[in-house]
C-alpha cells in the first residue's frame with residue numbers, strides 16, 4: 001500500500017469536544033503530516049474508555065479544549081515521519097496512550113514499562129517533537145489527548161506509542177487491548193501472578209476488573225471473588241470466570257476484608273483493586289492471606305487521596321504492589337497478547353457489549369454513563 005496522501009494535510013472527520021461535558025461534534029478537521037519520529041494512522045475502530053469520559057467531564061483536572069479524545073483503537077499506518085524505521089504504510093497497528101522509546105532506563109529494564117519519554121501525560125495536548133498540535137480547524141489548533149486522539153478518521157502519534165500487530169488479527173476485537181483490557185489482564189498475569197488453584201479477589205467489575213478476572217481464569221484460579229456495589233454487574237462477571245460475589249452493602253458495618261477472610265479461611269491468595277477508591281485499596285490489601293498474599297493496585301486515585309494500614313499487615317508477609325498498563329511494554333509485549341487472542345487463549349468478544357457508527361459516538365458516552373456497557377465499539381465510516 002503506497003500512500004498518495006503522504007506529506008500532505010488530510011481533511012477528515014473527527015469528533016471534537018469543544019467544552020467539558022458537552023456532546024462531541026463531528027467536524028471536518030485538518031490533520032498535518034507526521035513530523036520526526038511520528039506516524040499518521042488511519043483509524044478503523046475505536047472504543048470508549050472511562051478515562052476519556054473522566055477528562056471530557058473535566059471535573060478533577062485542568063480542562064483543555066477543544067480536544068479530540070480517544071485512546072483505544074486499531075488502525076493502519078498511512079505515512080511515517082523522518083527517522084521511523086520499524087513501521088511502514090499499510091502496517092496494522094494499535095496506538096497506545098503510553099509508549100516505549102526503547103532507549104531510556106525504564107525501557108532497558110526488564111521490570112518496568114514506564115518510559116521516561118513517552119509515559120502517559122494527560123495534561124499535554126501537543127506533540128513532543130515541536131510542542132504543536134497536528135489537528136486544526138479553520139487555522140486554529142485542536143488539542144491531542146494522551147498522544148493518541150483516536151476519535152478522528154486520521155491521527156498522528158509518536159512512533160514509540162504505536163504497536164505493530166499481526167495483520168490477520170481483527171482490529172474490531174483486538175483494539176480493546178490498547179488500554180483497559182491489557183491493564184486488567186496484565187495486573188493479574190504479570191504482577192499478581194496467581195498460581196493454578198489459588199483464590200483471587202477482584203475489586204471493581206468494570207472493564208478493567210473483568211479483564212483482571214479473565215487473567216485469573218486463564219491462570220487457573222479455583223475461586224474468583226468479585227467485589228462491586230452494583231449487583232447488575234454480577235451476571236456479566238460470570239462470563240469472565242468470577243465464581244462468587246460480594247456486595248459490601250449487604251454486610252452492614254462489617255469491613256469487606258473481614259467478609260472475604262471469613263469466606264476464604266483467613267484471606268485470598270491474590271487481590272486486584274480496579275476502582276481507585278482508597279477504602280477499596282485498604283480492603284484489597286487487608287483481605288489477602290498473611291504469609292504469601294499479594295495485593296495489586298490498578299485503579300487511579302483522586303489527587304489528594306492517602307490511605308493507611310497497620311505496618312504489621314506488611315510485616316506478616318503480605319505484599320502490596322502497584323502497576324501501570326498491566327506492566328506491559330507497548331511495543332515489545334502487546335503483540336504477544338494479540339497472539340494469545342489469535343490462539344483462543346484469551347476471549348475478547350465478551351468485553352464488547354455495544355456497537356455504534358462514528359456518527360453516533362455520543363451514544364457510547366450515554367451507555368458508559370448509565371453503566372450499561374463494558375466496551376462500546378465505534379466503527380469509522382471511511
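Cβ coordinates are placed from backbone N, Cα and C, and glycine is handled just like the others.
Cβ contacts within 10 Å of residue 71 (Zn(2+) 1 binding site), excluding its own Cβ and spanning all protein chains shown: 29. Secondary structure at residue 71 (Zn(2+) 1 binding site), taken from DSSP and collapsed to helix, strand or coil, is coil. Residues or ranges marked as Zn(2+) 1 binding site in Swiss-Prot (evidence: similarity to another entry): 49, 51, 71, 179.
Sequence annotations record features per position, and here Swiss-Prot assigns alcohol binding site to 51, 71.
Swiss-Prot lists 51, 204-209, 228, 233, 275, 298-300, 325, 375 with the feature NAD(+) binding site. Around residue 300 (NAD(+) binding site), taking its Cβ as the centre, 13 other Cβ atoms fall within 10 Å, counting all chains.
Following the DSSP three-state reduction, the secondary structure of residue 107 (Zn(2+) 2 binding site) is helix. Here residue 107 (Zn(2+) 2 binding site) comes close to 100, 101, 115, 116, 329: these same-chain residues lie at least six apart in sequence, with C-beta atoms under 8 angstroms from its C-beta. Sequence annotations record features per position, and here Swiss-Prot assigns Zn(2+) 2 binding site to 101, 104, 107, 115 based on similarity to another entry.
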Which of 233, 375, the listed binding-site residues, has fewest other Cβ atoms within 10 Å: 233
By Cα-Cα distance, the member of binding-site residues 49, 51, 71, 179 nearest residue 375 (NAD(+) binding site): 49
Binding-site residues compared (49, 101, 115, 298) - highest count of Cβ atoms within 10 Å: 298
Surrounding CB atoms that lie within 10 Å of the CB of residue 205 (NAD(+) binding site), all protein chains: 26
Among 104, 179, 207, the one of these binding-site residues whose Cβ has the fewest neighbouring Cβ atoms within 10 Å: 104
Secondary structure at residue 300 (NAD(+) binding site), reduced by DSSP to three states: coil
